Amino acid sequence: MACPVQFLCRGLRTVGLVLLYYVFSIGITFYNKWLMKGFHYPLFMTLVHLTINFCLSALTRVAMQWWTGKPRIVLSWTDYRLKVAPTALATALDIGLSNWSFLFITISLYTMTKSSAVLFILFFSLVFKLEEMNPFLILVVLLISSGLFMSTFQSTQFNLEGFIMVLLASFIGGIRWTLTQVLMQKAELGLQNPVDAIYHLQPLMFLGLFPLFLYNEGLSLCTSEKLFRVTELSPLLYSLFTLSIGGSLAFGLGFSEFLLVSRTSSLTLSIAGIFKEVCTLILAAALIGDQMSMLNWLGFAVCLCGISLHVGLKTHSKNKVPSLRQLNSKSPELELPLLQQKRDGAEDSAADEYNDEEEEITLH
């Protein structure tokens, strides 16, 4: 009876972790869209989220240090400026543009367009030689590209400005996740744990996004009754409270992805991410009334086929790649293959000290 019980417990644990990931991932998408209806300052909202992420990661580091008795990593200023800054800037622009697009487009169009990030991640991973050229990758590119075209063709709720923002965010996201992998492969930096990575990335992300915020929203926000020109305390507290919820969801998303990967596998996260997109579109149509034609749904299905094919290729190549523990014992560099699937604006990785199974850890 031991084996069936262990199998059942592992299955229940996986289902629980997937549901937790869905709650944060789908929740922050709908929450940000809802918030943008009455609060038209997406860059300021992103800055608040970064501040909350930094505070929560700092508290988590203190708790982990107290629990383990081991000091957490603190990078030197040289490494911080030269090695972390490019990743932080790309991450800030990716998340900022993604949140900004919610002012113009629907959740459905955002979800379908954001799926194109796989193409850009694949492109930059080939440029940085993190991936080897494969004939099947051409098929992946064709499926995702054609699917994206079909899913946005003659869309009744299409907005060019928002579409360009998401597409630009996807392009920058390709740079972001490629640089993130390169950053976390450097074992001497010690940023394999996502909490440490979030802690070091948030300040530079804040500084990178702040000039864009000042240019686009600074003057408008200073004269807005939402924050600085409030006549009563209750509206100000309400605005700060709603912004804080979004920041907590962003931190929870990154941590839930890390838990899912470290306690199951990267394949589980990949498959869960595919079904999450389907759930997001269904909920957007049912709850918000997003409109999609049959051609749009067919295009999204084609796009998902391309992503699924790429996940299958990564799974096949996984058998040829040693596990994280084996890499850690044989090489000073942690060779983490890149998961070509980027979702929501969240930062996550995996640390072998928390990985209790012989599973490779990939970036989502």
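Glycine is no exception: its Cβ is also placed from the backbone N, Cα and C atoms.
Annotation source TrEMBL lists compositional bias 'Acidic residues' at 347-364.
The domain 'Sugar phosphate transporter' annotation in TrEMBL covers 15-309.
The region 'Disordered' annotation in TrEMBL covers 328-364.
For 12-31 (among others), the entry in TrEMBL reads transmembrane segment.
Sequence annotations record features per position, and here TrEMBL assigns transmembrane segment to 43-67 (among others). Listed by sequence, the residues of this chain that lie at least six past the ends of the transmembrane segment (43-67) yet keep a Cβ under 8 A from its Cβ atoms are 32, 35-36, 92, 95-96, 99-100, 195-196, 198-199, 202-203, 205-206, 209-210, 212-213, 216-217, 221, 243-244, 246-248, 250-251, 254, 345.
The transmembrane segment annotation in TrEMBL covers 102-124 (among others).
Among the features that TrEMBL reports, transmembrane segment is placed at 136-154 (among others). Counting only same-chain residues 6+ beyond the ends of the transmembrane segment (136-154), those with a CB under 8 A from a CB of the stretch are 109, 112-113, 115-116, 118-119, 122, 163, 292-293, 295-307, 309-310, 313.
Under the heading transmembrane segment, TrEMBL lists 160-179 (among others).
For 236-255 (among others), the entry in TrEMBL reads transmembrane segment. Residues 21, 24-25, 27-28, 31-32, 35, 39, 45, 48-53, 56-57, 194-195, 198, 226-227, 230, 344-348 of the same chain, all 6+ positions outside the transmembrane segment (236-255), place their C-beta atoms under 8 angstroms from a C-beta of that stretch.
The transmembrane segment feature in TrEMBL is assigned to 267-288 (among others).
Feature annotation from TrEMBL assigns transmembrane segment to 294-313 (among others).
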